[in-house]
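Look at Swiss-Prot and you will find ASP386, ASP388, ASN390, TYR392, GLU397 tagged as Ca(2+) 1 binding site. The feature Ca(2+) 2 binding site is assigned by Swiss-Prot to ASP425, LYS431, ASP436, with a curator's inference given as support. The compositional bias 'Low complexity' annotation in Swiss-Prot covers 1-19. Here Swiss-Prot flags 52-67 as compositional bias 'Pro residues'. Here Swiss-Prot flags 373-408 as domain 'EF-hand 1'. The feature domain 'EF-hand 2' is assigned by Swiss-Prot to 412-447. The intramembrane segment annotation in Swiss-Prot covers 192-211, 310-329 and rests on sequence analysis. Summarising the annotation, Swiss-Prot assigns region 'Disordered' to 1-112. Positions annotated as topological domain 'Cytoplasmic' by Swiss-Prot, on the basis of sequence analysis: 1-152, 244-279, 357-456. Taken from Swiss-Prot, the feature transmembrane segment applies to 153-173, 223-243, 280-300, 336-356, supported by sequence analysis.
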Amino acid sequence: MDTEPLLSPLSPSPHLLHPLPEHAEVSTFSPPLSPCPSPASSYKERIIFGAHPPPPPPPPPPPPPPPRGRRYYRRVSGDDLDVPSCSSSPSPPSDEENPPPNPPSLFDFIGGRTNLHRSRTAPAMAPLNAAAIAAAAASGDSRNPPPPPRRPAIVLHAFLFLLAYLAMGVTFYAALPGNFTSSAGPTHPVADALYFCIVTLCTIGYGDITPATPAAKLFSISFVLIGFGFVDILLSGMVSYVLDLQEHLLITALKNPRSVRKHRHNYIFDLKKGRMRVRMKVALALTVVAICVGVGAAVLKRVENLGWLDAVYLAVMSVTTVGYGDHAFRTLAGRLFASAWLLVSTLAVARAFLYLAEMRIDKRHRAMANWVLSRDMTVSEFLAADIDNNGYVTKSEFVVYKLKEMGKISEKDIMMICDQFQRMDSGNCGKITLSDLLESHQLVTDLNEKKKGKKS
């Protein structure tokens, strides 16, 4: 009995090898908007958008018949596995029963996915319903957002408090003039009362008019505390507001292109930052102080009959709120002048001192900023600047770290901003979309309606 060997000693039968994807013929992809695309862009668009339907391939040549009495392998459709089919008298498979499959390619594999769509552009924002946008806009128009905090009428408030303060002091002094003693003698009850109130408010303390009874001393204690705690602060705010307003008007006038020789004032005004330079603020404040001292000395020499040295001495001691008490205003005209002059001069001196402190602080901040921006980043600073710990520092992270290092912002400010971002990022995806914004507006509207319903 003849046994057929399991392995043939002759040459093995040729296998059916499919061509690789890189050996397949690639048709040129030409998008409608680009007439002559490069091969690189063609490959990129084929990978992203998928392949066009390839032309029908030519019929492959029939495989050579295997030798008689030999085993052959045929492809069985199913799980894409080659299953050996044994037969004693095999017959070559016909092309009609088992047509050869088309050679697979990478583009066919990518193009067969259903989650990829052929799209030339990506949407700029999340697709939203037009009705939802219109409803959100209507709700935003119906509910008035809270207005930004505005500066109160500080000038009016300061003026009213000053009138109330002076009226209270003048009334008490004029009603009970015997409770106060004057070293220079009384002139007029109202003038002496107004002079006493202004000297007390400006914390000068000449000592020429003093309380003599316990009731007057109790009144003086409350009068000093009220004046020091409230009215003086309001007057300082009023002076700051008036000076800032004048500065804004000057800056606006200089920004007008019709103004002549506006570039010559850049030494005084910083037009880029929209403010007056600190040095010029100090110079102007000191000039105002010098004018106040000069005016006071001239009036003292004429009204109080003092020499120039004593007049300048008393003026300087008055505007700096020292008030030794060796000299004071003794005449009626002098006390009326002092009631207005002391109020303006002492506030001008205080503002000059604040500008001096601002100049020193600004100089220190500039030196710190130059030092921070001139040096390189170390490894520890890199790790500190990497906020999200992803191994690299973005431009925004670098800017935030440098601002923190220069003292422009603090960690508390950053945390407050991050908390606001987290509240607006309802999807917790690290970004704010228009849908998130509309959703937050809708939530705010619902909360307001619930509050109104509870109140009603």
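Glycine too: its Cβ is placed from the backbone N, Cα and C atoms.
With a 10 A radius on its CB, LYS431 (Ca(2+) 2 binding site) counts 9 other CB atoms from all the protein chains. Recorded residues ASN390 (Ca(2+) 1 binding site) and ASP436 (Ca(2+) 2 binding site) have their alpha carbons 26 Å apart, per Cα-Cα distance. Sequence-distant neighbours of the domain 'EF-hand 1' (373-408) (same chain, 6+ residues past either end, Cβ-Cβ under 8 Å): 365, 414. Around ASN390 (Ca(2+) 1 binding site), taking its Cβ as the centre, 9 other Cβ atoms fall within 10 Å, counting all chains. Counting other Cβ atoms within 10 Å of each Cβ, the binding-site residues ASP386, ASP388, GLU397, ASP425, ASP436 show the lowest value at ASP388.
For TYR392 (Ca(2+) 1 binding site), applying a Cβ distance below 8 Å and a minimum sequence separation of six or more within one chain yields ASP386. Taking the Cα atom of each, ASP436 (Ca(2+) 2 binding site) and GLU397 (Ca(2+) 1 binding site) are about 24 angstrom apart. In sequence order, PHE421, MET424, SER426, GLY427, ASN428, CYS429, GLY430, ILE432, THR433 are the same-chain residues whose CB sits within 8 A of the CB centroid of ASP425, LYS431, ASP436, the residues recorded for Ca(2+) 2 being left out. If you look at the transmembrane segment (336-356), the same-chain residues 6 or more away from its ends with a CB under 8 A from one of its CBs are 191, 194-195, 198-199, 201-202, 204, 235-236, 239-240, 243, 278, 281-282, 285-286, 288-289, 292-293, 295-296, 299, 303, 318-321, 329. Summary of the Ca(2+) 1 site environment: with the site residues ASP386, ASP388, ASN390, TYR392, GLU397 set aside, the chain residues having Cβ atoms within 8 Å of the Cβ mean position are ALA385, ILE387, ASN389, GLY391, VAL393, THR394. On the backbone, the CA of LYS431 (Ca(2+) 2 binding site) and the CA of GLU397 (Ca(2+) 1 binding site) stand 16 Å apart.
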